[in-house]
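Taken verbatim from TrEMBL:
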type	residues	note
ACT_SITE	A:Lys76	active site, charge relay system
ACT_SITE	A:Ser171	active site, charge relay system
ACT_SITE	A:Ser195	active site, acyl-ester intermediate
DOMAIN	A:27-145	domain 'Amidase'
DOMAIN	A:167-452	domain 'Amidase'
Amino acid sequence: MLRAALREVSTALKEGQVSPTELCQRCLSLIKATKCLNAYITVTEDTALRQAEESEKRYRRGQSLGDLDGIPVAVKDNFSTTGIETTCASNMLKGYIPPYNATVVQKLLDQGAVLIGKTNLDEFAMGSGSTDGIFGPVRNPWSYSKQYREKCGQNSHLENEDSSWLITGGSSGGSAAAVSSFTCFAALGSDTGGSTRNPAAHCGVVGLKPTYGLVSRHGLIPLVNSMDVPGILTRCVDDAATVLGVLAGHDPKDSTTVQDPFNPFKLPSVIDVGKLCIGIPKEYHIPGLSSETLKVWSKAADLFENAGARVIEVSLPHTCYSIVCYHVLCAAEVASNMARFDGLEYGHRSNMDKSTESMYAATRREGFNDVVRGRILSGNYFLLKQNYEKYFIKAQKVRRLIANDFVNVFSSGVDVLLTPTTLRDAVPYVEFIKEDNRTRSAQDDIFTQAANMSAFLHNLGGVRNLCLKNIQVLLYSRQSLTSDLYKKIYVNLSKEYGFKVCIWEEASNLPTQGPIQERAEKPSLQVCTSTEHKWLQHYFLTGNAKPDQI
Amino acid sequence: MAAPVSGGGRLCRLAWRRRAGALHSGAQPAALGREPGKVAAAQSGVAPWRAVVGLEVHAQISSNSKIFSGSQVQFTAPPNSLVSFFDASLPGTLPVLNRRCVEAAVMTGLALSCSINKKSLFDRKHYFYADLPAGYQITQQRLPIAVNGNLSYTLCVGAKQSQMVTKNVRIKQIQLEQDSGKSLHNDARSQTFIDLNRAGVGLMEVVMEPDMCCGEEAAAAVRELQLILQTLGSSQAIMAEGQLRVDANVSVHHPGESYGVRTEVKNINSLRFLARAVDYEIQRQIEELENGGTILNETRAFDYKLGCTIPMRDKEGKQDYRFMPEPNLPPLILYDAKSLPANIDDQQVVNIDWIQERLPDLPSVKRVRLVEQYGILPEHSFTLLNEDGLMELFEDVVRETQMNPKKVIGWVISELLGHLKQYDLTVKESPVNSLSLADLLNLLERGVISSSAAKQVLEELWKGEGKTPLQIVKEKRLELIQNQRELDQICQAVMEGHQEEL
């Protein structure tokens, strides 16, 4: 039952073959049994069982809320969850309990989904291995597969299980491992430079990175606001489409979401890729590419060709600049976004009480790891008045060139780009940590993050991404979301050939202006008073006073 | 740099006056003979100094809720009772622009003859301060909502302050931004308390070019801006409540030379202090330079108790605000009748032309109307507008009486306003309302009482006992006696009572 796809288990729930509570309990015990994976930071056993009970009542009354009712889901620990600790795997937010739900979390709960836990990640989602959080690295479930054991058997030095386990990729490694190890049926990740697609590729699950603006970021603790997208991890493409249907659409709390109405869709079963033109970007054929990945890449291209598609070589000439460009833009936004963590309002506060400034400094030194501090430092450097033109503005210009590469290719008649997701398969942890976080991110995001940069640009239309284990397909079209062409592609890849598919949904009109809110006489529900919220009660002060003195 | 010592402020102030006086003494202020801002050097033979003053005015937008969140805006509320998750910068929260704030800025921009940018952008300005929870302020640095405007204001000059001179100051830009919270320092216990009620309240920063040259001009310009904002309703602009805050950039130079190094004087919370702070700072800079010193490009605070400006310690050192685009707010697009797309939801757009059509009469227009309609003096029209509610009172009285408005204005300004000033009351708080004043003036106009009796009645009315003027006249027997016999009797009685004198 736990290995079933979301849609199958949903049917089982509706037909009464299994009850939501039973399903939840089974997932919870599997989480305990697979604790060594370190996929979860917080397991919300009590609330999950309560939610399952509620769901059960609804089923009994015949008032199920839909496909997700009673389905156990997991959420990356950088999405705010009411009453549930949200840490970003950082000392800075250890013990921080948000008073509100991220929009995507709320949408899942509104559909009756059962939240069973918060998943592990790199600290503040900065990393590509899920190895750099304060709760330790996530282990790839495939480390314990028969195939991998056999492979290790051939290399005697990797025989020791303790040192041979594989990383999940990251930063949404916890979510990928959770879905891959059958402890939940869908999980939320986030994708800024490949953080959903990369671990999905390494853990063999579907990783969907929707186009920027299609899914609300409200409540997602930001890494890079202009590139962050909530990601969806599931075991098959139908499930990803189902979850996307729940999450997508305009959110008045996120001014960067598309304002056009979004119509959820189901994937049909008829297929024909005969008229497709598949582009193979030559710049993605780089020295670091493993022979294994190259082989899969060619095989995927052959599959298309054999099915009648036209496969041609294309060029994305600015690809080589994308990593360095990403690092400048990412560091700059990180420096800005992290400025709020000063120990005053929430999260960690140092005992240093000499002055406000020394308290800030100590709080931030104790709260952030080296990776985060490094990005803050370089980001602030890039934003200095004397450097702004040289770095930030230049990087923004390069970002536009990279996006234009995609526009040019797709407007030349190419329907689909076929590329690897990562250079190679997941590597053992001991291998991975030989390089630092920055070097690793530079290598591992190389095929994914150009899409994050281009997705923000207006009028690009949609870039859609499919992946077969380690292969992704970038799609683009000015056609509407549910056009037959795309249905065919999804189905072709997912059903006909059994590919693991990762789709990107199209945002046909990214907002060119923010929504403007006409506010009622009375303030919105967001308003709270200091007595209602603990986080505000302990708000204040610098100098010698401790919060309890106030 | 010579730091002003305690009490120095007052002395400097006197010196500045004396010197300014010396310059113009003898030279009777022949038509605008006084050239404000041009200050004689201490030693004769040295070129005079010219002062240059530019202003940055922060006006809190009058709106129900904050500029990027749904929290209520209210001046008096318990600390931290009007704080949304966004205002407290909880991670993951995002800004959503308040339409009312945009409209207020557009209205203000139009009233100041600005060109309104149909596309404007938001930026983050970074600095660490306890009452700035996010570590940055959202503002409009690169492309503000309105630019290139103009503000006309009028000064009273001449020996009796009876001549009116109209001056202009260019408006560089108006930008939308967030207010910060408030820090309350308890030095004794070395504690700082933070109140976030104000954090995120919408501000319009109005940047004025350095077209002014003394404290009086600066104060007059701000006063005119204040009246405009209040007329528009875009800000209540009450300085005492911090709804209008002024920073002054001041420098001095010799005519013909380039501008001197400027200082920024912050924390000015009244018009009177603005004038004093600017004049003090001009004088201080002149003295500093004449004593061979240099002016530092620094931020200074005005200490209203000492009457002088002092360097601000916590703003020492050069701040690099590390500006960057605010990624969570797409460009703000405004429309006019021409560019308005068809079939668009009215609630989702701000139409500049629509706002332009609905602009109320500005103070300058009202003044012209008052002068034309009632035949009063221009300076009286200024007085009527300067006092909140006085113009309405005047017009009500005129409507209710047969008295010539030219006479009414004298009663309103010399008598009523004089009384109010004496007791430090506002027009709203006046115990004498337009109705009773009108009654009183009618009694006077009909010859029931004399002018001096009317003043006596006004004194009685001032006690606020709720009596009508007629009641008072009756009680005090203040009527002019029209009856010949009665007058004869009185005269007779007086004469009989004073036989000796006769």
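Cβ atoms are placed via backbone N, Cα and C, with glycine included.
Note: TrEMBL annotation is automatic and uncurated.
Overlay of TrEMBL feature records on the structure.
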| residue | record | CB count, 10 Å |
| --- | --- | --- |
| A:Lys76 | active site, charge relay system | 33 |
| A:Ser171 | active site, charge relay system | 38 |
| A:Ser195 | active site, acyl-ester intermediate | 39 |
Quick note, A:Ser195 (active site, acyl-ester intermediate) and A:Ser171 (active site, charge relay system): C-alpha atoms separated, nearest Å, by 5
Considering every residue in the domain 'Amidase' (A:167-452), what is the mean pLDDT value?
86
Within the domain 'Amidase' (A:27-145), residues counted as helix, strand or coil by DSSP
45 helix, 19 strand, 55 coil
Cα distance (Å, whole number) from A:Lys76 (active site, charge relay system) to A:Ser171 (active site, charge relay system):
9
